[in-house]
Amino acid sequence: MSPQTETKASVGFKAGVKEYKLTYYTPEYETKDTDILAAFRVTPQPGVPPEEAGAAVAAESSTGTWTTVWTDGLTSLDRYKGRCYHIEPVPGEETQFIAYVAYPLDLFEEGSVTNMFTSIVGNVFGFKALAALRLEDLRIPPAYTKTFQGPPHGIQVERDKLNKYGRPLLGCTIKPKLGLSAKNYGRAVYECLRGGLDFTKDDENVNSQPFMRWRDRFLFCAEAIYKSQAETGEIKGHYLNATAGTCEEMIKRAVFARELGVPIVMHDYLTGGFTANTSLAHYCRDNGLLLHIHRAMHAVIDRQKNHGMHFRVLAKALRLSGGDHIHAGTVVGKLEGDRESTLGFVDLLRDDYVEKDRSRGIFFTQDWVSLPGVLPVASGGIHVWHMPALTEIFGDDSVLQFGGGTLGHPWGNAPGAVANRVALEACVQARNEGRDLAVEGNEIIREACKWSPELAAACEVWKEIRFNFPTIDKLDGQE
């Protein structure tokens, strides 16, 4: 017998293929406080038992491969393997199951969302034994959370920087999103900020195109910020999109924003990538910049109910990677968003401790151990008639981000901003007086129209606008 054969035999190696469930399905396993827990929606191929499918997910996202290998004997699989510890059927779905998987913490590099996702949502999503696979939720243990910096500043620090309390913040995305010159773009920024908004915003696909190079845009927007601040006495900001083709270029743009003295920059965190996002978040914390996050590309990943990844997971990942704002849907606007599910991940963004609540899609209790919170941004097809609902749904710690709902005002950009601000102030005052925004919202807006012609004009323009389409990604049991 050759020395190599003797080595393989001595570690108990037996070539061949064995069922995943013999090693990776462990219903007797008691999860540890340090485990990362995952809830997967599994749709096995016909003939594949759910236990085998769940075990395959645990194996292929941790230590397993398609066949037995002799190097298994050179490490402790019991220490490092993922374990499918529970499987439950999905109500109303005969072919779908929720498989719960526990991962030992040592499988993941500290402070790296990139590494965590490479394992948990990597090659396993193309596994042939599965017709579809979706990651519904993750439990991030405090031991892992503490290896991340998280948001550069967080909700309270942002309010202190801006000196704005007791109400949602107001924003506006400059439109048209592409094609304006830098000077005309800066003019629109100035008019919106002067009219009463707290922020204006680059659209997600505004980077540095031939019609408007980034440096010109930054300069004209900075001028607009300082001019509007001088005229209103309020602190203003514009989300300057630093997203670029390389991390080095992205940081260069953030450095220039800091040199201009503006308060906030922006990043497209999914198209830019988690490594770039975490690097930018670290820079922003070290240099006093707030960081606005856009979620462009999220619907490619999260919209289909049986495959991909739910946005609550992307939201948790962003809180770890770092961002002070993130777009979170509106419930009432033009973009996808179920109310209970949206409120669930809004709490996961803002709160320090969130209890398990399956009625809102929260599969695990999440303790953030004082990691700073993230402001959810409601954006997409909203206007003044939505203000009572938005104020009631999202509360004070949020950003209500208009676009066409400001710039589409018949009298111009500044009157559009005035209408937004008046509607918000009316809703906040009514709420503070004990009125029910959900019931009396339209009446509150009509009353405010009596002393704001700008709001009255906006209400007339958008009184018939509706986006009455069913939500595709509903919580189980809501069909």
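Glycine too: its Cβ is placed from the backbone N, Cα and C atoms.
Straight from Swiss-Prot, the features:
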- Asn123, Thr173, Lys177, Arg295, His327, Ser379: substrate binding site (BINDING)
- Lys175: active site, proton acceptor (ACT_SITE)
- Lys201, Asp203, Glu204: Mg(2+) binding site (BINDING)
- Lys201: N6-carboxylysine (MOD_RES)
- Ser208: phosphoserine (MOD_RES)
- His294: active site, proton acceptor (ACT_SITE)
- Thr330: phosphothreonine (MOD_RES)
- Lys334: site 'Transition state stabilizer' (SITE)
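Positions of the features from Swiss-Prot, shown on the structure.
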residue: Asn123; record: substrate binding site; Cβ neighbours (10 Å): 10
residue: Thr173; record: substrate binding site; Cβ neighbours (10 Å): 24
residue: Lys175; record: active site, proton acceptor; Cβ neighbours (10 Å): 16
residue: Lys177; record: substrate binding site; Cβ neighbours (10 Å): 13
residue: Asp203; record: Mg(2+) binding site; Cβ neighbours (10 Å): 18
residue: Glu204; record: Mg(2+) binding site; Cβ neighbours (10 Å): 21
residue: Ser208; record: phosphoserine; Cβ neighbours (10 Å): 17
residue: His327; record: substrate binding site; Cβ neighbours (10 Å): 21
residue: Thr330; record: phosphothreonine; Cβ neighbours (10 Å): 26
residue: Ser379; record: substrate binding site; Cβ neighbours (10 Å): 26
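When the recorded positions Lys201, His294, Arg295 are compared by the number of other CB atoms within 10 angstroms of each CB, Arg295 has the fewest. Same-chain neighbours of the Mg(2+) site beyond Lys201, Asp203, Glu204, judged by a C-beta within 8 angstroms of the site's C-beta center, are, in sequence order, Thr173, Ile174, Lys177, Asp202, Asn205, Val206, Tyr239, Asn241, Met266, His294. Thr173 (substrate binding site) sits 6 Å from Asp203 (Mg(2+) binding site), taking the CA atoms of both as reference points.
Rounded to a whole value, the Cα-Cα separation of Asp203 (Mg(2+) binding site) and Lys177 (substrate binding site) is 6 Å. Nearest to Asn123 (substrate binding site) in space, judged by Cα atoms and limited to the recorded positions Lys201, Glu204, His294, Thr330, is His294.
Among Asn123, Thr173, Lys177, Arg295, His327, Ser379, the residues given in the record as binding substrate, the maximal Cα to Cα distance rounds to 37 Å.
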